[in-house]
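What TrEMBL records for this protein:
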TRANSMEM  12-30  transmembrane segment
TRANSMEM  36-58  transmembrane segment
TRANSMEM  70-91  transmembrane segment
TRANSMEM  130-154  transmembrane segment
TRANSMEM  166-187  transmembrane segment
TRANSMEM  215-231  transmembrane segment
TRANSMEM  238-256  transmembrane segment
TRANSMEM  328-353  transmembrane segment
TRANSMEM  381-400  transmembrane segment
Amino acid sequence: MEKNQKQSNDRLASFLFFTVMTLILFSPVLEQYPVFSALNLDNMLTFLCLIGIILFQLKQPKALMAQEYIIIALMLVIICLGLFGNMVSGIHGMKFIALDIWSISKCFVAYFFGRLAFRPGFFSSQIDRLVLYGKWVIGILFLLLLINLVFPIWPSTEMRMGITTQYLIFPHATYLSATVFFCMLFLGLKNVRHNIPFLMMGSVLIFFAARNKGLIFIAIYFFMLLFQHYAKKKSFKISYLILPVVTLIASFWEVIDTRLLSSTTSARSLLYQASFKIADMYAPFGAGFASFGSGSSVKNYSSLYDMLRFYDYYGFTRDNPQYLNDSFIAMFIAQFGYIGTACFAAILVIFLLMINRRSGRIQAFTLVLFLYAVTSLFTELYLTTSLGIFTFFIIGVAFGDKETKPSLRKDTLWKKPFR
């Protein structure tokens, strides 16, 4: 009887996991239809996650890790800094402030839901299903790509790197690329050699989405798996990344400086230059919520945009604000100042330390997923989108495997499909 109850609970948990994961991942697709757009799926799902956290904790309380309490405390400090910033800058409007608070909190709500809603070891028990899920998603999207190349059902006029960018069923190529990237990560969790055809299909999809950042991180992911396997190590120390990261930043500093900091023609560079100016003006708090770079600041067209004469630039006007919320980091610097940005950096470091305590495939999986999210913060509002919510939900579930130390036996990751 008890065994049947456990199996029933496991099936229910598995259904909940894949349902939440699929709805978050494909919410941009569904929201293209008016009936789903009105629901605002991202916010609805995250709100349900918040209710779920409360219910799960009331029914069967779980203790958090010490680092997670620090993350919550730092988020509260950031929110307080934002509210003080609103008082200093004079930017008010409770609706827009509340929306911004919710916006920066969504990914953390998803993370804690993933941590608390599932039993220890749940993620490892779902690896076979995740691999199958990744195959199905990549296979279907690849078939749609082939059809679209012959019969352009989802036409695109955007050209990038000499090819016509493919969106397929998604509203933007970023969502297509990220979805394929996530599924390719799933394929790396088990029997990698058997999954090579699907990995190739995924690479082709990312290439036609013209967002090759995903391919770079997939290469890093499989390098880590190979390193762990052949070096006979179950973990990959985060300190190993310091030298490569410093080397890459030094090598590409001129490009980074031109595109993000000093350009007079780049939209993203204009955002960063303005964000530092605002942080200096309203030091030490920043300008507060709904003031700069966020979705609410665009809807409200913050008075700071007029002060900075953003209306003189294409993509920064009231009628065409497409570039106004194009960087999470720029938004954070302006709205929460240098102290708030330091608090957020501390949160990222804490996540890295928690990842460092993992081992094997779980560590490699969560590290690459996390680094992909961090690099995306500089070029988009990643954490406020469905992609950020998905990323932290999956990391939260994976962190529930803290009691499990999976080995990297040859037959786990690299065995041949047939013997």
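Yeah, the Cβs are placed from backbone N, Cα and C, and that goes for glycine too.
Here the structure is a predicted model, which means the values were calculated and not measured.
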Contact check, the transmembrane segment (36-58) vs the transmembrane segment (381-400), 3+ Cβ pairs under 8 Å, seq sep 6+
yes
With Cβ distances under 8 Å as the criterion, find the stretch in 12-30, 130-154, 166-187, 328-353, 381-400 that has the most pairs with the transmembrane segment (70-91).
328-353
Is it the case that the transmembrane segment (328-353) and the transmembrane segment (381-400) touch, counting contact as three or more CB pairs under 8 Å in which the residues of each pair are 6 or more positions apart?
yes
